[in-house]
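Trainee: One structure, as structure tokens, below. Some questions next.
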Amino acid sequence: MATKLRILVPVKRVIDYAVKPRVNKAQTGVETNVKHSMNPFDELSIEEAVRMREAKKPVEDILAFSAGPAKSQDILRTAMAMGADRGILVQEDNVELEPLGVAKLLKKVVEQEDRNLVILGKQSIDDDANQTGQMLAGLLNWPQATQASKVDIADDGAVTVTREVDGGVETLKAKLPMIITTDLRLNEPRYASLPNIMKAKKKPLDKKTLKDYGMDGEKRLKTIKVTEPPARQGGGKVEDVDGMISKLKELGAL
Amino acid sequence: MVAPIRNGVLRRAATCLRQQRSTPTIRPMSREALRRLASTLAILEQREGKLNLSSLASVSAAQKLGGSVHGFVAGSNIKSVADEASKVEGLEKVIYVENGAYDKGLPENFAPLLVENIRKGGYTHVLAGHSAFGKNLMPRVAALLDVQQISDITDIEGEDTFVRPIYAGNAILTVQSQDQVKVVTVRGTAFAAGAVEGGSGAVEEGTDPKAECPTEWVSEDLAKSDRPDLATAEKVVSGGRGLKSKEEFDKLMPPLADALGAAIGASRAAVDSGFADNSLQVGQTGKNVAPQLYLCAGISGAIQHLAGMKDSKVIAAINKDPDAPIFQVADVGLVGDLFEKVPELTEKLKSS
């Protein structure tokens, strides 16, 4: 009998990728009163899970999960409109979890919800840490395939993953249960249609808190400050190719 | 256990150092105290018996921390790699583990291997490059050690204080770690690799826990190229959507790269459209480069692309749109049709 896939897809609400973040005056973070969206890599995770079901893989259910402020439920609704079956939100308005904390939380979700496949984005575009999936794999002692550009799951639960590495790709094979993180090359996420957005409103969304999982918001890293990167001054334009070459020579680049 | 005591001392030294920032006369002494106390394990990469030189950035970063610096390598026929690494300046000792199971750097067994050797050595810091290998492996190590890793650092301010870009390089974060062991990945372009000659480190065998690896490495497909490695090249020429097709990309970019002795990069748009291989992508989700010269054509300059190249010494851009954001960061901008300008530039560079 084919191994049933019980998929967990963690998603994060982040500042929209097209918004240029601005550092706040107090130098404690960036201005957050801007457009937010689902982390682009997490859209790929949902898409991949939904495609597995569409490819007639034995998907039992797809659980979308997020931890963050109340507004994170918008992101979960989006995930459900794309095809996730249900959602869990750990609502914490004033706690910022670090990747290690998220990984610990996800471990508990994996255990409680009896998951055997977790698909995460390779990094969130706000903290750019690229850690959570690997940490979760370590805590669960499961195999991991990061930066996946192709995933194939056989009936017997063997998973073949092609991953993006420096200089090319490599292919790995492991067995479920497993952790996969997505690279941009994996797929092209779909847009949620209006009927699906309406349907998603009726899908179950459980609200929980860190306490429900026996956790607190302990942090290991202390933000000392957040600053603007040194501004680069555009050096102006040249008229022609000769101008370009002489300017490059002048700057010592040639 | 010796580690906690040692760490307490280290922390006091660091606190002392911080408090004395304003009195530079005392600072060198505190620095000295720190140097004696920090001990760093720098994870080195190897490939088929060859030391990966770009992974030596972790050694340079470790030297900035002060204290003793040990290197770590594992794989088959590793002794020669260890010997090679022992000549790297700044490495006091190289720890090697001879076992073919580690050749492909699979984190399922490499992480327990590192944890064992980190504990045995009582290191205060563990550093690796923020490469595909380091990104894949180090968070797993950090989780096993119950440590919050600090990724892709670009500077070190103290034994527990690190600087790293966030939001695609649009903000710079300074963080202080409260963890006993600092697990850190290092941006290669921010720490120049030191000399590979002149050092005389000891070579010592490490412990091998021989953890089982549930993952099987099947195959790889690496882009072959005689050009300099993109991540470490002195010069990079990069093409974007403006090149319109793979044919044009292949016609225009390689000759320009050859004329300059440069590596070839590409924007995400060019990669997504199939003009260039994925591994050439420069940007937030691709490679970070900081060459002496970054010359790009047909790239508008989206923030995700700028994230990967704006630390270049000199940026030159050719684009037909005078309002393209790339011109706001370019030191030298040329507004024009790249199909004319790039060949002309290639010819003139060749003849000059």
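The backbone N, Cα and C atoms fix where each Cβ goes, glycine too.
As annotated in TrEMBL:
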- B:40-221: domain 'Electron transfer flavoprotein alpha/beta-subunit N-terminal' (DOMAIN)
- B:ARG241, B:267-268, B:281-285, B:298-305, B:ASN319: FAD binding site (BINDING)
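Just tell me what is around each of these and how deep it sits.
Mentor: Taking Cβ-Cβ distances under 8 Å and a sequence separation of 6 or more, the neighbours of B:ARG241 (FAD binding site) in its chain are B:SER267, B:ALA269, B:ALA270, B:SER273, B:GLY298, B:ILE299, B:SER300.
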Trainee: Quick one: what's DSSP say for B:ALA302 (FAD binding site), helix, strand or coil?
Mentor: coil
Trainee: For chain A, which of the binding-site residues B:ARG241, B:GLN281, B:GLN284, B:ILE299, B:HIS305 fall under 8 Å by Cβ?
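Mentor: Only B:GLN284 pass the 8 Å Cβ test.
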Trainee: So among the binding-site residues B:ILE299, B:ALA302, who's got the most Cβ atoms within 10 Å?
Mentor: B:ILE299
Trainee: If you count, for each of the binding-site residues B:GLN281, B:GLN284, the other Cβ atoms lying within 10 Å of its Cβ, which residue has the minimum?
Mentor: B:GLN284
Trainee: How would DSSP class B:GLN281 (FAD binding site) in three states?
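Mentor: DSSP call for B:GLN281 (FAD binding site): strand.
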